[in-house]
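Peer 1: Pasting a structure below so you can have a look.
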Amino acid sequence: MEAPIRAREALGFILFSLLFSICRSSSLNHLLISNAERRIDLSSHIVKVYLTLKVENAGSTPTSEVFLSFPPTQVDHLATVEALVTKGKRKKTTLVRLDVKPTELPDAPNDAKYFAIYLANPLKSGESTTLEVLYLLTHSQEPFPAEIAQSESQLVYYRDSVLILSPYHIKQQTTFIKTPSTKVESFTRVEPSNRAGTEIKYGPYEDHPPYSFSPILIHFENNSPFAVVEELVREVEISHWGNLQVTEQYTLVHAGARHKGVFSRVDFQSRPTLNGASSLRYLLARLPPRVHSVYYRDEIGNISSSHLRTDSRKSELEIEPRYPLFGGWKATFVIGYGLPLQDFLFETSDDRRYLNFTFGCPLLETVVDKLTIKVVLPEGSKDPSAVVPFPVEQHLETKYSYLDVVGRTVVVMEKKNLVPTHNSHFQVYYTFKPIFMLAEPLMLASAFFLFFVACVAYLHIDLSIRK
Amino acid sequence: MAAPETSTAAVPTLYTNNTLRNAFGGVLSFFILLLIGVLAFSIRLFSVIKYESVIHEFDPYFNYRVTQFLTKKGIYEFWNWFDDRTWYPLGRVIGGTVYPGLTLTAGTIWWLLNSLNIPLSVETVCVFTAPIFSAFASWATYLLTKEVKGAGAGLTAAVLLAMVPSYISRSVAGSYDNEAVAIFALIFTFYLYLKTLNTGSLFYATLNSLAYFYMVCSWGGYTFIINLIPMHVLLCIVTGRYSSRLYIAYAPLVVLGTLLAALVPVVGFNAVMTSEHFASFLVFIIIHVVAFVYYIKGILSPKMFKVAVTLVVTVGLAVCCAVIAVLIALVASSPTKGWSGRSLSLLDPTYASKYIPIIASVSEHQPPTWPSYFMDINVLAFLVPAGIIACFLPLSDASSFIVLYIATSVYFSGVMVRLMLVLAPAACITSGIALSEAFDVLTGSIKFQLPGVTSNAEVDAGETSSDTSEAQTDEVKAEKPDDTSKNRPSKKSKKKERELAENPPAKATAKAKAKAEKKRLLALPLEASVISLLLLVVLGAFYVVHSVWAAAEAYSAPSIVLTTRSRDGLHVFDDFREAYAWLSHNTDVNDKVASWWDYGYQTTAMANRTVIVDNNTWNNTHIATVGTAMSSPERAAWEIFHSLDVKYVLVVFGGLIGYPSDDINKFLWMVRIGGGVFPHIKEPDYLRDGQYRIDSQATPTMLNCLMYKLSYYRFVETDGKAYDRVRRTEIGKKYFKLTHFEEVFTTHHWMVRIYKLKPLKNRIRGKAKKSKSKTSSTSSSKRSGTKKKNPWL
């Protein structure tokens with residue numbers, strides 16, 4: 001839709017559109033950022049950026065939207081953007097979460113993409129507020145060299161702009177970059193910049209106009225395994241007999257520098273720190289408490305290398321893949337477990353039931369490229385609706401499981417590019433009459449009854465032609 | 001199950017006040033049978049409980065893969081399946097070379113369950129197919145033995161079969177192999193044969209051919225049936241037991257059975273062309289001649305009959321001679337005399353070791369040792385002779401069949417340890433008969449000597465049922481049935497008459513029983529009976545304990561995952577699956593993996609990679625090529641593998657943890673099989689003074705061959721001494737480099753090592769051309785031609 005409208009604007013309403021854009025950009029120019037501090041954490045393969053913006057309304061009209069802009073290359077890897085605002089006076093500050101939504105601005109230079117932060121209270125003229133923004137980037141560290149041998153450590157590039165890309169004028173800005181170790185091969189120097197330990201400091205830079213951009217490249221060692229789940233299918237099956245069965249199918253890949261040449265077990269076993277430093281040896285999955293019947297297997301059988309630790313608040317499942325994963329190596333596996341239903345299924349006041357369960361992947365420090373959650377509702381449930389705190393694709397399916405006749409409704413939710421911060425709760429509401437629970441036992445009982453009746457009948461009927 | 005039971009119980013009319021008791025016996029034996037089924041199923045679940053629900057060993061993986069294909073692609077695709085992922089570059093026509101019975105059975109079960117919306121995976125169905133069919137087999141044993149010696153013997157035989165270790169070894173959960181289904185089919189075919197023989201019903205004869213068809217679908221061992229039944233028919237004819245029932249039992253089986261057998265693609269025209277089937281046709285002709293003679297005898301006067309006989313015999317002899325001459329000429333024209341290698345090695349136990357090392361190399365094709373009899377059939381071995389004696393008292397058509405069955409199967413089991421499986425049901429049946437008869441006698445004499453004969457309720461079910469059959473026999477004898485009713489009771493009465501006519505002094509148990517029943521004489525003393533009963537129970541208990549132990553400890557290991565118990569808990573060696581999973585996820589889907597043929601099925605099933613050879617050893621030359629490569633020096637091996645488009649070489653190595661069945665221990669077979677086709681590989685080159693060794697005394701050929709190098713590459717770095725825990729010695733050559741291969745994966749316990757062929761390097765002109773000319777020849781026949789000339793060096 002956007003393109004034809006724009007074409008029409010360009011053709012017929014040039015004047016109007018020009019005026020409009022001027023208006024919009026001028027409304028942007030009301031705001032300015034008096035101070036910006038950015039901390040980029042590169043210690044794992046998920047890039048965490050903490051941005052503290054002090055926004056000031058220099059214009060005359062109150063505004064309630066603050067725009068963040070990202071270069072198009074970053075937007076593709078942007079997993080989540082969250083914004084908080086500090087409320088209250090000096091001591092008693094509380095953080096309030098704000099709505100963040102992707103938006104379009106008509107005059108975006110070089111296809112920059114925008115996110116709008118909606119302030120709770122409009123920012124009046126002359127006022128200022130401090131926003132805390134957190135955004136996570138995945139797949140943003142490029143291994144270089146792209147292929148390493150077993151004994152080499154993994155070096156990666158990180159590219160960014162030293163100046164924060166913003167539609168607003170920034171008076172003063174500083175960027176801190178935290179690297180996982182002190183081994184930094186090189187970094188672009190933009191004075192004033194200096195490196196101390198694992199931290200590189202850029203800035204402060206004064207007075208940069210909107211859309212200032214100054215690329216930097218940091219080449220550093222990052223031996224944390226790049227655990228990426230290419231595809232994760234979680235199936236949550238509700239049984240009103242008291243169990244919640246979760247089955248998770250993983251396709252795991254080590255997305256770091258590709259392994260090159262020989263894999264020598266003797267080196268790997270005898271010198272574990274030097275060899276395969278970036279290899280993925282185990283994963284930790286955080287499961288809900290009171291988990292039972294946990295299994296960990298793949299398509300050719302059980303994988304015996306796992307440990308489960310449970311306490312009253314959480315369960316931790318430590319799993320080792322069948323083999324250590326080097327860069328580019330893949331593995332698939334399935335984790336399944338049962339949970340007590342009363343911990344997750346609740347009733348609303350209007351007699352509907354809802355499942356409250358975590359979205360996202362229970363594995364720590366992993367990126368999920370594509371997640372599909374299937375909530376299998378019991379047979380006979382109606383009017384399903386899902387409430388998810390962030391936009392997902394949804395559709396319904398039907399699944400036939402043990403002795404189903406009409407099939408079970410499955411609510412399918414799909415989301416791309418997930419990080420552990422997406423592990424928030426979602427709800428699936430539905431209505432269900434408990435009488436349906438008896439359908440299958442009754443069916444079985446009647447089938448057996450008919451069978452026995454048939455047997456009795458057969459034994460008492462004489463089918464012979466001749467006496 | 002219930003129908004025949006109640007009918008048996010309903011027969012006796014003499015004991016009219018006992019109908020309730022008989023009905024009770026029928027219900028009791030029904031529940032006993034149900035429990036036997038449960039026992040047969042559950043005793044085989046040790047592997048699932050101790051390990052996991054997984055397919056076992058080698059062949060089951062192939063069957064599992066075929067079943068997966070069947071369930072995914074459907075039956076028509078399955079018949080036409082040409083598998084290009086094995087026997088590269090030849091491929092294999094799976095649909096036409098596989099016995100489809102097992103696959104179709106499991107596929108049908110899976111389809112049935114899924115159409116009832118029971119979402120079991122194909123793997124689960126495959127894992128539990130064998131235990132389910134063991135339950136069926138024990139029920140079939142009950143039916144078969146009931147045809148021979150009544151329900152009591154039937155129940156005893158069924159319970160023995162449910163837990164006979166020999167059968168357990170092939171049918172634990174996960175052992176998804178042809179035999180699991182085939183033993184049921186075998187017993188059931190025999191049951192239907194005997195049922196037809198006893199009743200003369202064409203209905204059962206048709207069912208019999210269908211059961212035979214199922215057996216042909218399931219296992220190559222169907223030739224045992226098609227030879228044993230003719231033998232029995234011949235025996236009956238020779239001993240003057242020809243009857244129209246025999247004709248009905250045999251002729252439809254041959255005609256229908258052969259037609260049906262020819263429908264199975266793997267058998268096809270073999271059903272009429274190979275020597276394994278000739279016996280059945282010969283007997284088919286004989287039985288017709290005999291039937292004709294009996295018919296002529298019926299319509300001619302004795303004098304005319306004599307004239308006719310002389311006439312026919314002279315003409316017939318001439319014709320027969322001509323026909324036999326033609327047949328012999330035909331058979332002699334084929335090099336193996338029309339027999340397949342495996343069948344020949346049955347007839348001549350030394351055949352395989354002389355001519356076909358590939359058959360001899362399989363451990364299950366070796367002759368068994370004496371302890372393995374004790375291990376596999378345990379106390380049955382001692383009960384079998386008693387059972388055979390019991391079969392002779394009185395000898396009926398059915399019991400003579402059992403005698404013949406046990407005699408032939410004992411011979412076959414002596415040739416090949418694998419055929420112990422055929423012996424097991426026979427041993428169970430005869431032992432069941434022996435035990436049941438012994439119990440009959442002993443309890444009978446106790447009952448006779450106790451003053452009040454009111455202890456009926458305490459008598460166990462087996463005894464009740466045999467009482468029933470006994471009563472039945474008595475009743476029929478009293479009736480003296482007319483000739484028109486050609487059913488079992490009449491036959492039994494004939495038996496009785498004969499037995500009465502020539503009754504030698506009672507010395508065996510069964511005879512004593514008959515007398516005790518008849519005249520209430522010759523009963524054993526009370527104490528002796530009680531003690532013998534106790535001893536028999538102890539014997540049975542010993543059998544049960546042994547079977548459970550065998551099921552739990554000896555036969556439950558899936559062999560793809562090994563466990564050892566040590567002081568600090570259970571150690572799991574899951575290296576095979578580690579390697580296969582690695583191959584499956586981290587190599588290209590079209591890469592070819594070379595390994596010794598043992599691992600072919602597993603590689604295709606678990607890793608989904610193309611293999612050069614696999615456990616279906618149909619092409620000796622191809623296997624010899626791999627054997628030659630493994631026993632050649634690195635460079636020559638690289639060229640062989642490269643010419644076969646191999647990307648990875650997989651070897652199994654147990655030296656680090658002491659896993660004895662690794663490739664180094666199998667290596668001599670590779671040399672032998674390779675040397676059988678490519679004469680430049682000579683076994684003595686690998687032996688020092690006739691001894692196979694890998695230590696410093698080993699021959700240079702041995703220390704330089706590919707298998708040695710791939711197994712021991714960098715092994716010395718693990719402990720500094722390179723001590724091989726399987727061979728219990730330090731290896732001969734510790735430090736060496738690989739020039740044409742590189743290690744790409746070694747599992748956690750070093751059990752599987754995977755090497756990659758290094759790519760061609762830029763070489764000087766002359767050499768490059770040479771290798772090019774070699775690799776360019778792609779057709780296999782051409783390649784093997786050049787190979788024989790070229791010593792690969």
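The backbone N, Cα and C atoms fix where each Cβ goes, and this holds for glycine too.
Note that the coordinates shown come from a computational prediction; the quantities given were computed from them, not determined experimentally.
Summarising the annotation, TrEMBL assigns transmembrane segment to B:23-43, B:93-113, B:125-144, B:150-168, B:180-205, B:211-235, B:247-272, B:278-296, B:308-332, B:373-393, B:400-417, B:521-545. Feature annotation from TrEMBL assigns domain 'Oligosaccharyl transferase STT3 N-terminal' to B:27-429. Residues or ranges marked as region 'Disordered' in TrEMBL: B:458-512, B:764-793. Annotation comment: TrEMBL describes B:458-471 as compositional bias 'Polar residues'. TrEMBL lists B:474-486 with the feature compositional bias 'Basic and acidic residues'. According to TrEMBL, the domain 'STT3/PglB/AglB core' annotation covers B:590-649. TrEMBL lists B:764-773, B:784-793 with the feature compositional bias 'Basic residues'. According to TrEMBL, the compositional bias 'Low complexity' annotation covers B:774-783.
Could you place the listed features in the three-dimensional structure?
Peer 2: With a cut-off of 8 Å between Cβ atoms, the residues of this chain six or more beyond the transmembrane segment (B:93-113) that come close are 63, 66-67, 69-71, 75, 78-83, 119-120, 122, 125-126, 129, 132-133, 176-178, 180-182, 185, 214-220, 264-266, 616, 618.
Tertiary neighbourhood of the transmembrane segment (B:125-144): same-chain residues 1, 4, 33, 36-38, 40-42, 44-45, 48, 53-55, 60, 63-64, 67, 102, 105-106, 109-110, 113, 151, 154-155, 157-159, 161-162, 167-168, 170-177, 180-181, 183-184, 187-188, 190-191, 194-195, 425, 428-429, 432, selected by CB-CB distance under 8 Å and a gap of 6+ residues from either end.
Proximity of distant same-chain residues to the transmembrane segment (B:278-296), defined by a Cβ-Cβ separation under 8 Å and at least 6 residues beyond the stretch ends, is recorded for 226-227, 229-231, 233-234, 237, 242, 244, 246-247, 250-251, 254, 258, 272, 305, 308-309, 316, 327, 331, 338.
Same-chain neighbours of the transmembrane segment (B:308-332): 275, 278, 289, 293, 296, 300, 338, counting only residues six or more beyond its ends whose CB sits under 8 Å from a CB of the stretch.
Beyond the transmembrane segment (B:373-393), the same-chain residues lying 6 or more positions past its ends with a Cβ under 8 Å from any Cβ of the stretch are 148-149, 160, 164-166, 169, 399-400, 402-403, 406, 413, 420, 423-424, 427-435, 437-438, 499, 508-511, 514, 539-540, 542-543, 546-547, 550, 554.
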Peer 1: Which residue counts does DSSP yield for the domain 'STT3/PglB/AglB core' (B:590-649) in the helix, strand and coil classes, in that order?
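Peer 2: Each residue of the domain 'STT3/PglB/AglB core' (B:590-649) counted once, the result is 33 helix, 8 strand, 19 coil.
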Peer 1: When the pLDDT values for the domain 'Oligosaccharyl transferase STT3 N-terminal' (B:27-429) are averaged, what is the result?
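Peer 2: Within the domain 'Oligosaccharyl transferase STT3 N-terminal' (B:27-429), the model's average pLDDT equals 88.
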